[in-house]
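According to TrEMBL, the protein has these features:
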type	residues	note
ACT_SITE	GLU219	active site, proton donor
ACT_SITE	ASP363	active site
ACT_SITE	GLU491	active site, proton donor
ACT_SITE	GLU532	active site
BINDING	SER619	Ca(2+) binding site
DISULFID	CYS434-CYS477	disulfide bond
TRANSMEM	40-63	transmembrane segment
Amino acid sequence: MSSSLPYSVKDVHYDNAKFRQRSYLKVMTQNLLTGSRKRYCLSCSTGKFLVLLLIFGLAYLFLTSTPVHVPNQVAKVSESNEKGEFKINGGINFKNLWRRAPRLPPRLPPDEKGSNTSYHIDPNMLVSESLWISRQQKVKDAFIHAWSGYKRYAMGNDELMPLSQTGTDGLGGLGATIVDALDTAMIMGASDIVSEAGSWVEKHLLDRIKEKGQVNLFETTIRVLGGLLSAYHLRAGEYGKNFENEGPKPAVYLETAKDLADRLLSAFTSSRTSIPLSDVVLQNFSAYAAPGGLSSTSEVSTLQLEFNYLSTVSGDPKYSVAAMKVLEHMKSLPKVEGLVPIYISPDTGDFIGETIRLGSRGDSYYEYLLKVWIQKGMRENNNFTYLHDMYEEAMKGVKHLLVRKSVPNGLVFVGELPYGSNAAFSPKMDHLVCFLPGTLALGATKGMSRDEAMRKSLLSFDDLENLKLAEDLAKTCFEMYEVTSTGLAPEIAYFHTEEYSEQGLSGGNKKSKYIDDIIIKSLDRHSLLRPETVESLFVLHRITGNPKYRAWGWQIFEAFERHTKVSSGGYTSLDDVTSIPPRRRDKMETFFLGETLKYLYLLFGDSSAIPLDQYVFNSEAHPLPIEGNTPMK
């Protein structure tokens, strides 16, 4: 029997004027003036005198009372105050005496002692903005160093092997690092890399697409198709003004994306159902199922942002129609409190098995439910409202069935149900699950800051609860880094609970408060330089403004620099994050340039860059515009 979410209503106090208690004075005066005694008292001269005395007495109290302190959260900004400072004026404004009490937005509670979301900020976190600009530059320098190694030893290959100083093609041979890194270079203003990457795309990528063999539908869509579409949008918009002489015109990226997508569509047209096959042979427009015949739930449901945007800018609806049929079909399938198994059959269209998790093969299904709805403008009562309904139901299921606290120190984590909801719970949490804090925060405020959402009374109790869970989970994800000797997170962690414990499998950092909470098994100690935690830190900093998320991101970046940087160029994955020096794995994943460094750069920069209320990031961190913010072809 699963336990319920470790929160209660007291954790997020819902302050609503509709339910606010009235003062005893107000109750008595209202009863006096409206009750049956009113008619009796006013029928005699003594009663009239007492009523007049009461009125004059109340007026005297109003005129001589001291100003009432109003909490900063609900203080009104003076319209005449050009600086936007909060002012509370003393005295009485008679015009306001007869106004109805305002309906105030929900308010977050004072932090409880020991809460993971404490806002008692370490003064060391409150560094100057100029320092963050310099730190942002260091991330850009790291990106340039990573690109230099790739360019020198692996240009045209999918990925760099920095220790062997060679390249490897594990993603179909489409130069995945080049396309994945292109929009990062644009956002960072790295003109030379924009020119080099863009020129390679123009000269070589279309030929590669026509000549290459089998590729994975999901990986090719999020990395290559998503990268081309993001580059098209950025090059055609404001960012393109900085690169008018670097790389090709925007149309090159769009036409290449269309050719690739036309071939990828064979995964849909070759299937008996709305569920696409997993692999495509680009050369001859054919598609095949994965060994065993099943597709991953996350893979088939993480194509829609890219295909939707391509339909928007190309004017051809066929891409969006094919991709959206997947989610429309999934809407009708049975679920467990909104949660779904990690496999689905293209032959029958049904979910297969009972394994439920938010790690590999499950993660981005939940991410795209929210993000596709956001991409479509978040309008109520449109054809995509069902996506938000599915997302909200799923998050309630996560909180009820998957959220637990570790012992002895109470880290909030998300576990798994390997054999379904009626079987044993597993306290296993992939690093991949660390996408969830950012998704929860984005779902709560829809991309605007929390303060703005509060001022506009847009946050429901569920939104505030999800935002609290997001911050608690982000804390846990950061502690997965902090608990190891290298300061880098393992691929998978387990959590000590009342029912589960293993000895001798700590992360190695004996100074960590949570060394007894987090268990790292020997086969799970590797690091691929994954982006999910810094992604969530970026989103949470944008939404809450809390400087601790920047501080945590900087600490992670410094660990990358200490342990994964290769002097000859590039960065490498690690075999064991619990030992010093760590064993190196000789691989630089494309997402280190496409996601990890991009999110760190945006975390340390100004919030006006790629604002979350105008863009939605695909699962590979390629920003695509929300509908209404799309440049024409």
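Count begins at 1; order follows the chain as displayed.
From the backbone N, Cα and C atoms, a Cβ is placed for every residue, glycine too.
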Active-site residues compared (ASP363, GLU491) - the one with the fewest other Cβ atoms within 10 Å:
GLU491
Spatially closest candidate among CYS477, GLU491, GLU532, the listed recorded positions, to GLU219 (active site, proton donor) (Cα to Cα):
GLU532
In whole Å, note down how far the CA of GLU491 (active site, proton donor) lies from the CA of ASP363 (active site).
14
Validating a neighbour-count step here. Other CB atoms within 10 A of the CB of GLU219 (active site, proton donor): how many?
20
Cβ neighbours within the same chain of CYS477 (disulfide bond) - under 8 Å, at least six residues apart:
HIS431, CYS434, PRO437, ALA489, GLU532, THR533, SER536
Between the Cα atoms of GLU491 (active site, proton donor) and SER619 (Ca(2+) binding site), find the distance and write it as a whole number of Å.
18
Which has the fewest other CB atoms in a 10 Å radius around its CB: CYS434, SER619, the listed recorded positions?
SER619
